[in-house]
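Noted in TrEMBL for the protein shown:
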BINDING   CYS37, CYS40, HIS41  heme 1 binding site
BINDING   CYS67, CYS70, HIS71  heme 2 binding site
BINDING   CYS127, CYS130, HIS131  heme 3 binding site
BINDING   CYS159, CYS162, HIS163  heme 4 binding site
BINDING   CYS324, CYS327, HIS328  heme 5 binding site
DOMAIN    4-172  domain 'NapC/NirT cytochrome c N-terminal'
TRANSMEM  6-24  transmembrane segment
Amino acid sequence: MRTKNWVWVAVTGMVVGVIGWGGFNTLLEATNRMEFCVSCHEMRDNVYAEYQKSPHYLNASGVRATCPDCHVPKDWTHKLIRKAQASGELFHWAIGSVDSREKFVDKRHALAKREWQRMRDSDSRECRNCHSFDAMDFHKQSMKAARAMRDAARAGGTCIDCHKGVAHAMPDVNAEHRKRLAALRETARTTEIKPGDVVYSVEPLSFGLEQPPSDPDSADGQFSAAVALHVLARDGDVLKVRLDGWFREDMTDTVFSQLGRRNTLATLAVAAQEGVVKGDKAVDPDSEEEWTKVRVEAWVKDGRFLSDPAPLWDYAAHINQDACTLCHDARRGEEFTVSRWIGHINSMKRQTELTEAEARMLLSYMQANAKDAR
């Protein structure tokens, strides 16, 4: 009798297990369909509408990549992990984190960065379910595309590094660091400055030899952002400041920070060049060029400075993270020398929507952390 009971228990357990397992799989697959993905208005009215205009939705060959094809792994283990992660997304749906177009746009860059990083961490696993370097006929691609694909294949690149925005609109990748800049401007307006302080300009700042210029065109020169300036005197809302740096041989329109290092501290008009106080000379052992210590004293308007450069470098680091990861991982300053960063930033900035001031701030940040910086 006891044996029969165990048989019934075993059979019942098997039946319940099969039904439970089947139900679990059915539920799992039900949440793995595009209809489920776009069942809420947050997805349907935003990313789904964009996706419908992309080649992944409509193309000549009639092959469609649906939401789970790109965003859910096919293998069992990674699929379960992704589904567990998605519970957080359901929570934010429930509390209405992006239940309006305005909220969605505001969070879009943060959401996109998280998904880009997930794809980068998996080596674009879902992309590679359909696309493969080995299956590409480079001769049927444009010269530019073929070169980029070959370079990526040799370097071990991953799809998402270059192919962001293929199915959805790109977020405003500059919005976040520009908010930080706006906050720094507000802090600068209320920072108390007195003679003897060392201060750092939030943005490139025009100066005058006798008084602050009324406009950039009448300026005697311009200090770069985040440059250390010594406050000598105050006269109402204007400050007299001193900059110490170097001239390179006969290049007297630019003040550099270090002997043999071409990171720009200031640019000078003719009048300012004549008013520079010159000091000792030294020869750069690498280039055998003669450099001269210089001192510039000038007047600037108050309300543009911080007493600590750290928030400025943090702002620059976010420029690097936001603008420079659209095609590759974020670069580190020590990857290049101070001088090589000039050419690298100049060649890359055209691929971004950075302003000239933002590109210069990024250059200063990279040069400050370059492998030969002192």
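Cβ atoms are placed via backbone N, Cα and C, with glycine included.
Quantities reported herein were computed from a predicted structural model and do not represent experimental measurements.
Sequence features, as recorded in TrEMBL, placed on the structure.
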residue	record	DSSP (3 states)
CYS37	heme 1 binding site	helix
HIS71	heme 2 binding site	helix
CYS127	heme 3 binding site	helix
CYS159	heme 4 binding site	helix
CYS324	heme 5 binding site	coil
HIS328 (heme 5 binding site) has how many other Cβ neighbours within 10 Å of its own Cβ? 14
Around the Cβ of CYS327 (heme 5 binding site), how many other Cβ atoms lie within 10 Å? Please give the count over every shown protein chain. 15
Averaged over the domain 'NapC/NirT cytochrome c N-terminal' (4-172), what pLDDT does the predicted model reach? 83
Running the binding-site residues CYS40, CYS67, CYS70, CYS127, CYS162 through a 10 angstrom C-alpha radius around HIS328 (heme 5 binding site) leaves CYS162
Whole-number answer please: how many Å between the C-alpha atoms of CYS327 (heme 5 binding site) and CYS159 (heme 4 binding site)? 10
Take the C-alpha atoms of CYS127 (heme 3 binding site) and HIS41 (heme 1 binding site) and report the distance between them in angstrom, rounded. 26
Which residue, of the binding-site residues CYS37, CYS70, CYS162, CYS324, has its CB surrounded by the fewest other CB atoms within 10 A? CYS162
I need the nearest neighbour of CYS159 (heme 4 binding site) among the binding-site residues CYS37, CYS40, HIS41, HIS71, CYS324, using C-alpha distances. HIS71
Nearest-integer angstrom distance between the alpha carbons (Cα) of CYS324 (heme 5 binding site) and HIS41 (heme 1 binding site): 32
